[in-house]
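Since the structure comes first, as structure tokens, the remarks are kept for the end.
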Amino acid sequence: MTDANAQPLYDTFARADLRFERGEGVWLTTENGERYLDFAAGIAVNSLGYSHPHLVETLKTQAEKLWHLSNIYEIPGQKRLGQRLVDNTFADKVFFTNSGAEALECAIKTARRYHYVNGQPERFHIITFEGAFHGRTLATIAAGGQEKYLEGFGPKVSGFDQVPFGDEKALKAAIGPQTAAILIEPIQGEGGVRPVPDEDLRRLRKICDENGLLLILDEVQSGVGRTGKFFAYEWSGITPDIMAVAKGIGGGFPLGACLATAEAAKGMTAGVHGTTYGGNPLAMAVGNAVLDVILADGFFEHVQQVALFMKQGLASISDRYPDVIAEVRGRGLLMGIKSVVPNTALVQALRDEHLLTVGAGDNVIRLLPPLVVTEEEAREALSRIEAAAERLSVSARQKSA
Ligand SMILES: *Cc1c(COP(=O)(O)O)cnc(C)c1O
């Protein structure tokens, strides 16, 4: 430990020099008492903001009873949370995990097993899309297909065929006798807040049906109220066969789930898949508490209203500062600003205004506030975005002068 820069953690994260100590609602406070408006929300995780009284109370109560139990026993809360997900989605069956990547692993295995038990074990290929992000395990980096995440980690897990985003011809050409499923995010998050048009999702459903393929949706980022419906697929009127969920469903507690129809999950029989921590009593208690709030009357309408307010405000700022903001896109509170200046500069300028956002591909920054954000807080965020745009615009003009 003689190196002055040595520190004990892997150097895998380029961390901002910010130390937060506590949070309340949409606000984070640093050790020095500085307050930040958080429109990143742990990357769409803190769906109910910080210190939500119902979540805190639920976690405390459960902590005094049981934390962990093996899945060799019945686990308190698991059937209830599973049933609520089944009652409110397309799904008949649920498998709980601790993260998004694990939910995707379960989804991929479920699709492969489906064809295996149908007597077609050769059908294990899954078609994915350029710009996708499905996690950082060996299978999910293969599914995401991004060279920067695959490089140096040995042979790419086989069975993932990638096609350009929105290219139906290429998609159809990629379908063969080995194809098991199509995997897609209804809105690419990391890829730069790129929504799949509803019409395209409907066509994907049709292509799956015509070719005996399973449709797997990755709603790890777009789900659990983020777009103003429980899940983003609802906007299109179609349903998937399998869906990966995580992030917002735990409200900050590590929790994910793989949802499937009974038919799609028919290969997932006793012993073929498992998890130690997935579905533990603490996670189940918190997940149920998140649903208490999200599924209450009027919650999705609230998300839609604040989102509309934000969208109009952002459109107006983008009109006035076209040299900073090129485009505003997304759905609900999964919002993207395509930046003209480097997106890292925009994230930094917003951070200087004490507004937290997060970058994405395609030179986009994401705005992902807690879903409980009020219109007043949204107005505050807009005024900070405006201030940052004004500063960046002035310096852009000075540079070109
Ligand atoms: C974050 C994310 C994942 C991975 O989730 P982890 O919990 O980090 O494993 C997968 N898919 C999408 C769309 C995501 O946004």
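Here the Cβ of each residue, glycine as well, is placed from N, Cα and C on the backbone.
As annotated by TrEMBL, pyridoxal 5'-phosphate binding site applies to Gly100, Ala101, Phe133, Asp218, Glu219, Val220, Gln221, Thr276. The N(2)-acetyl-L-ornithine binding site annotation in TrEMBL covers Arg136, Thr275. The annotation N6-(pyridoxal phosphate)lysine is assigned in TrEMBL to Lys247.
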**Item:** Least Cβ-crowded entry, counting other Cβ within 10 Å, from the binding-site residues listed as Asp218, Glu219
**Value:** Glu219
**Prompt:** Once near-sequence residues are set aside, which residues in the chain of Gly100 (pyridoxal 5'-phosphate binding site), 6 or more away, have Cβ atoms under 8 Å from its Cβ?
**Reply:** His134, Gly135, Asp218, Val220, Gln221, Ala244, Ala246, Lys247, Gly256
**Asked** With respect to ligand 1, which members of the binding-site residues Gly100, Glu219, Thr276 satisfy a Cβ distance under 6 angstroms to one of its atoms?
**Response** Gly100
**Prompt:** Out of Gln221, Thr276, which has the highest number of nearby Cβ atoms, where nearby means within 10 Å of its Cβ, if these are the binding-site residues?
**Reply:** Gln221
**Fill in**
Rounded Cα distance in angstrom between Thr275 (N(2)-acetyl-L-ornithine binding site) and Glu219 (pyridoxal 5'-phosphate binding site) is 21
**Prompt:** Cα of Ala101 (pyridoxal 5'-phosphate binding site) to Cα of Arg136 (N(2)-acetyl-L-ornithine binding site): how many Å, rounded?
**Reply:** 7
**Between Thr276 (pyridoxal 5'-phosphate binding site) and Arg136 (N(2)-acetyl-L-ornithine binding site), the C-alpha gap once rounded to whole angstrom** = 19
**Prompt:** For Arg136 (N(2)-acetyl-L-ornithine binding site) and Glu219 (pyridoxal 5'-phosphate binding site), what Cα-Cα distance in Å is obtained after rounding to a whole number?
**Reply:** 16
**Asked** Between Ala101, Val220, which of the binding-site residues has the fewest other CB atoms within 10 angstroms in the structure shown?
**Response** Ala101
**Prompt:** What kind of secondary structure is Thr275 (N(2)-acetyl-L-ornithine binding site) part of, going by DSSP in three states?
**Reply:** coil
**Message:** Let's check the environment of Lys247 (N6-(pyridoxal phosphate)lysine): how many other CB atoms sit within 10 Å of its CB?
**Reply:** 29
**Prompt:** When you look at Gly100, Ala101, Phe133, Asp218, Glu219, Val220, Gln221, Thr276, which the record names as binding pyridoxal 5'-phosphate, what is the longest CA to CA distance in angstrom?
**Reply:** 25
**Chain-internal residues near Phe133 (pyridoxal 5'-phosphate binding site), provided their CB is under 8 angstroms and they sit 6+ positions away** = Gly144, Gln146, Glu185, Gln188, Gly189, Glu190, Gly191
**Item:** Three-state secondary structure, Asp218 (pyridoxal 5'-phosphate binding site) (per DSSP)
**Value:** strand
